C-alpha cells in the first residue's frame, strides 16, 4: 500500500478545498476526520484517486477519508503541520476554487433537511474522539492479560509453579488492573474535552466515581465524606455516569465562561463548574446513571444470549460502520465488562468482518484472472483477516452493493452461532473493553469456562462467517455486479 508522504497530504488538502476550508483535522484508527467549512468544495473523485486512499465517508459534521491503521494518525499530524505552516504564511497554497453561491445554498439546504440525523451523527462521532486514543492501551492490556491467563492455565493450575512464573503472571496482569482502576478518569478527561470543556474538569468529575465513600472500607481511596449534605452517596453508573457528568459538565463550563470576565476566567470558571457539577453528579447523575447502566447491561446481555438478537446485531454492524456510528457501542462494552467480567458483544460484532472476508473471496473467484477486482481483493484481504475491514468495505463490497448485503448475511450467520452457544450456556467475550478484530482477537477471547473454550467458539464463529459470506455472495451476490 502507498505510504503517506508530504505530497499525499498536500494533494488531500488541495482536494478538500485548501487549508481555509479545514476547521478541524483529527483521526481515528483508520480514518482522517476533517471538519470542513463547506463540504461542497471537497472533490471526492479526486480524493479517491490519490494513492493510499481507500474510500470517503461524508456526513454533515465530518468528512472522513479512509487511509488505514497507522496511516490515519500520520496523515492527521502531517496535515495539521501543513495547515499551520500555510496559515502562518510560510508556504504558498495552490489556488482553490471560488465558493459558489449555489453550492453554499445547496449545502445549507442539505444541513437543514437532515438536522436531526446530523445531530445524532455529531453526538456519536464524539465517541471516536473520546475512545480512539485509549484503544492501543486496551489492546496492550488485553493481550498481556490473555498471555498471563494462558500461562496460568498451562503452568499454574493443578501444578506447583516456580516463583518466577507467579511473578511474571502478576506482572503481566498489573497493567490491566491499573488501566481499569483509573479508566474512568481518562474517559472523563477525553469526554469533557470532546464536548467543548476542559479535560481536567472532566477528569476531576470522573474521579468522584472512583473515590470511596465508606470510611470503614479496607480498599480504595476514601474521599473524606460519606454523604452529601444529608443525602447518601452511591457512586453507581460507571462509564455511563462518567459520560453524562462530562457531557453536562462541558455545557455548564461553556455557559459559565460566556458570562465570566476574561481576567477571572482562569480562576473562577472551573471552580464554579465543579461546585455545580459535583452536586448534580451526587444527587442526579449517579442514581440515574446507575439505572441506565443496569438497563443497558440487561438489554445487551439478553440480546447476546439470544441467537436471533445476536444475528441482528452482527448483520447490522457493517451498516453502522459505513455511517460512522459504530463507536456508539463502546459504552455498552463497559456495561458488559462490569456485568460479566468480559465483553460478550465484541465477538458477535466481529463476525461482521468475517462475512466481509468471505464475500470478498467469492468476488475474487468470480472475477476474471486479469480483473482489477482481483488486485483490489488481494490488497485488502490480509487487513480484513486481521480485523481491519474498511479496505474491503469501501474498495470491494460496498461499491457493488449486493456483495455488501451478502457480507452482512455472512456476519449474521456467525453472530447467530455465537448467540446460540451463549444461549446453550457458554457465553464468550473479549477479556478487555476494546481490542482488535479478526484472527488477531483469538488470544483475547475468554469465557466462564476459561480461555480455550472462548477461543474455540470464536474461531468457529469466524469460520461460519467466512463460509456463509462466501456462499451467499458466490451464488446470490454476483448477478448483475461489476466484476471487472
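Every residue, even glycine, has its Cβ placed from backbone N, Cα and C.
Taken from Swiss-Prot, the feature domain 'PTS EIIB type-1' applies to 1-89, supported by sequence analysis. Residue counts for the domain 'PTS EIIB type-1' (1-89) under DSSP, split into helix (H, G, I), strand (E, B) and coil, are 39 helix, 20 strand, 30 coil.
In the shown protein chains, 22 other C-beta atoms lie within 10 A of the C-beta of residue 28 (active site, phosphocysteine intermediate). The active site, phosphocysteine intermediate annotation in Swiss-Prot covers 28, and the record cites sequence analysis as its basis.
Confidence annotation: the domain 'PTS EIIC type-1' (125-484) carries a mean pLDDT of 87 in the model. Residues or ranges marked as domain 'PTS EIIC type-1' by Swiss-Prot: 125-484.
The feature transmembrane segment is assigned by Swiss-Prot to 127-147 (among others).
Within the chain carrying the transmembrane segment (168-188), a Cβ under 8 angstroms from the stretch's Cβ atoms is held by residues 130-131, 134, 137-138, 140-142, 144-145, 147-148, 151-152, 156, 202-207, 209-210, 238-239, 242-243, 245-246, 337, 432-433, all 6 or more beyond its ends. Summarising the annotation, Swiss-Prot assigns transmembrane segment to 168-188 (among others).
Taking Cβ pairs closer than 8 Å, the transmembrane segment (194-214) reaches residues 126, 129-130, 181-182, 184-188, 220-223, 225-227, 233-235, 237-238, 241-242, 245-247, 249-251, 253-254, 270, 273-274, 277-278, 281-282, 286 in its own chain, all 6 or more past its ends. Marked as transmembrane segment by Swiss-Prot: 194-214 (among others).
Here the transmembrane segment (228-248) has long-range neighbours at 130, 184, 187-188, 191-192, 195, 197, 202, 205-206, 208-211, 213, 277, 279-283, 285-290, 292-293, 296, 331, 334-335, 338, meaning same-chain residues at least 6 beyond its ends whose C-beta is under 8 angstroms from one of its own. What Swiss-Prot lists as transmembrane segment is 228-248 (among others).
Positions annotated as transmembrane segment by Swiss-Prot: 266-286 (among others). Same-chain residues lying 6 or more positions outside the transmembrane segment (266-286) and placing a CB less than 8 Å from one of its CB atoms are 197-198, 200-201, 204-205, 208-209, 228, 231, 233-237, 241, 244-245, 248-249, 252-253, 256-257, 260.
Below 8 angstroms of C-beta separation, residues 28, 31, 57, 59, 62, 64, 120-121, 124-125, 127-128, 130-131, 303-304, 345, 348-349, 351-352, 355-356, 389-390, 393, 398, 404, 407-409, 411-416, 418-420, 422, 433-434, 465 of the same chain, each at least six residues beyond the ends of the transmembrane segment (310-330), sit close to that stretch. The transmembrane segment annotation in Swiss-Prot covers 310-330 (among others).
Using a Cβ-Cβ cut-off under 8 Å and counting only residues 6 or more beyond its ends in the same chain, the transmembrane segment (345-365) has close neighbours at 300, 304, 310, 313-315, 317-318, 321, 326, 329, 332-333, 336, 373-374, 377-378, 380-381, 384-385, 387, 389, 392-393, 396-397, 400, 403-404, 406-415, 417-419, 428-430, 434-435, 437-438, 441, 445, 457-458, 461-474, 477-478, 481, 483. The transmembrane segment annotation in Swiss-Prot covers 345-365 (among others).
The transmembrane segment feature in Swiss-Prot is assigned to 379-399 (among others).
Only residues 6 or more beyond the boundaries of the transmembrane segment (409-429), in the same chain, are considered here, and those with a CB under 8 A from a CB of the stretch are 304-315, 317-318, 336, 340, 342-349, 351-356, 358-359, 445-449, 453-454, 457-458, 460-462, 464-470, 472-473. Per Swiss-Prot, the feature transmembrane segment maps to 409-429 (among others); the stated evidence is sequence analysis.
As annotated by Swiss-Prot, transmembrane segment applies to 451-471 (among others), with the evidence given as sequence analysis.
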Go through the chain and flag residues at least 6 beyond the ends of the transmembrane segment (379-399) whose CB is under 8 A from any CB in it; none is fine as an answer.
1, 30-31, 54-57, 66, 68-69, 318, 321-322, 350, 352-353, 356-357, 359-361, 363-364, 373, 407, 436-441
Hey, which bits of the same chain come close to the transmembrane segment (451-471), Cβ under 8 Å, at least six residues off its ends?
146, 149-150, 153, 314, 347, 350-359, 361-362, 406-407, 409-411, 413-415, 417-418, 421, 426, 428-429, 431, 438-439, 441-443, 445
